[in-house]
Amino acid sequence: MDIAIQHPWFKRTLGPFYPSRLFDQFFGEGLFEYDLLPFLSSTISPYYRQSLFRTVLDSGISEVRSDRDKFVIFLDVKHFSPEDLTVKVQEDFVEIHGKHNERQDDHGYISREFHRRYRLPSNVDQSALSCSLSADGMLTFSGPKVPSGVDAGHSERAIPVSREEKPSSAPSS
């Protein structure tokens, strides 16, 4: 009689609450079996499992912060250079577009493209918006907020992406 040895309850996947990479923003990277079948992955390959906390930290999901003084967007775009990125402000929205043509990588040829659109708060000073790309591929879009009653100046314009040589100081969630 064969008896299946199960992992302790605290090492098993958490079912629908287990973070999957399926909707992460790893533009063009491959999917693994646990991305598509998180319930079965521990039974198919019980000795290989990505850490729950590492998955959450490396998820690549953009983060938007809006506090009293400023508005900031952090977006992981590690596969793109500043020349591949376009950041535009149109009315109350910021649009971030990244595209690079087909290039060769370790497994063949790949091309990537993404679009993100975020609503700007009405009190963000659009004349002082800035955008930078850190050495580790974190795009930071930020703008100061103005006191209520002051015109924030809404117009359509492109925001240049500057390159920083130091790694990002973005939150690690």
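Cβ coordinates come from backbone N, Cα and C, glycine included.
As recorded in Swiss-Prot:
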MOD_RES   Met1  N-acetylmethionine
REGION    1-63  region 'Required for complex formation with BFSP1 and BFSP2'
MOD_RES   Gln6  deamidated glutamine
MOD_RES   Ser45  phosphoserine
MOD_RES   Gln50  deamidated glutamine
MOD_RES   Lys70  N6-acetyllysine
MOD_RES   Gln90  deamidated glutamine
MOD_RES   Lys99  N6-acetyllysine
BINDING   His100, Glu102  Zn(2+) 1 binding site
MOD_RES   Asn101  deamidated asparagine
BINDING   His107  Zn(2+) 2 binding site
MOD_RES   Ser122  phosphoserine
MOD_RES   Asn123  deamidated asparagine
REGION    144-173  region 'Disordered'
COMPBIAS  153-167  compositional bias 'Basic and acidic residues'
BINDING   His154  Zn(2+) 3 binding site
CARBOHYD  Ser162  O-linked glycosylation site
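Long-range C-beta contacts of Asn101 (deamidated asparagine), restricted to its own chain and to partners at least six residues apart, with a cutoff below 8 Å, comprise Ser111. Residues belonging to the region 'Required for complex formation with BFSP1 and BFSP2' (1-63) score a mean pLDDT of 52 in the model. DSSP states for the compositional bias 'Basic and acidic residues' (153-167), grouped as helix (H, G, I), strand (E, B) and coil, give 0 helix, 6 strand, 9 coil. Sequence-distant contacts of the residue listed as 'O-linked glycosylation site', defined as residues of its own chain at least six apart whose C-beta falls under 8 angstroms from its C-beta, comprise Pro82, Ser130, Cys131, Ser132, Leu133.
Rounded to a whole number, the distance between the Cα atoms of His100 (Zn(2+) 1 binding site) and Lys70 (N6-acetyllysine) is 31 Å. Across the recorded positions listed here (Lys70, His107), the residue whose Cβ sits among the most other Cβ atoms within 10 Å is Lys70. Glu102 (Zn(2+) 1 binding site) is surrounded by 9 other CB atoms, counting those within 10 A of its CB over all protein chains shown.
Checked against Ser122 (phosphoserine) by C-alpha proximity, the binding-site residues His100, Glu102, His107 yield His100 as the nearest. With respect to Gln90 (deamidated glutamine), the closest of these recorded positions in Cα terms is Asn123, chosen from Lys99, His100, Glu102, His107, Asn123. Rounded to the nearest whole angstrom, the C-alpha distance between His100 (Zn(2+) 1 binding site) and Asn123 (deamidated asparagine) is 33. The two recorded residues, Asn123 (deamidated asparagine) and Lys99 (N6-acetyllysine), show a Cα separation of 30 Å.
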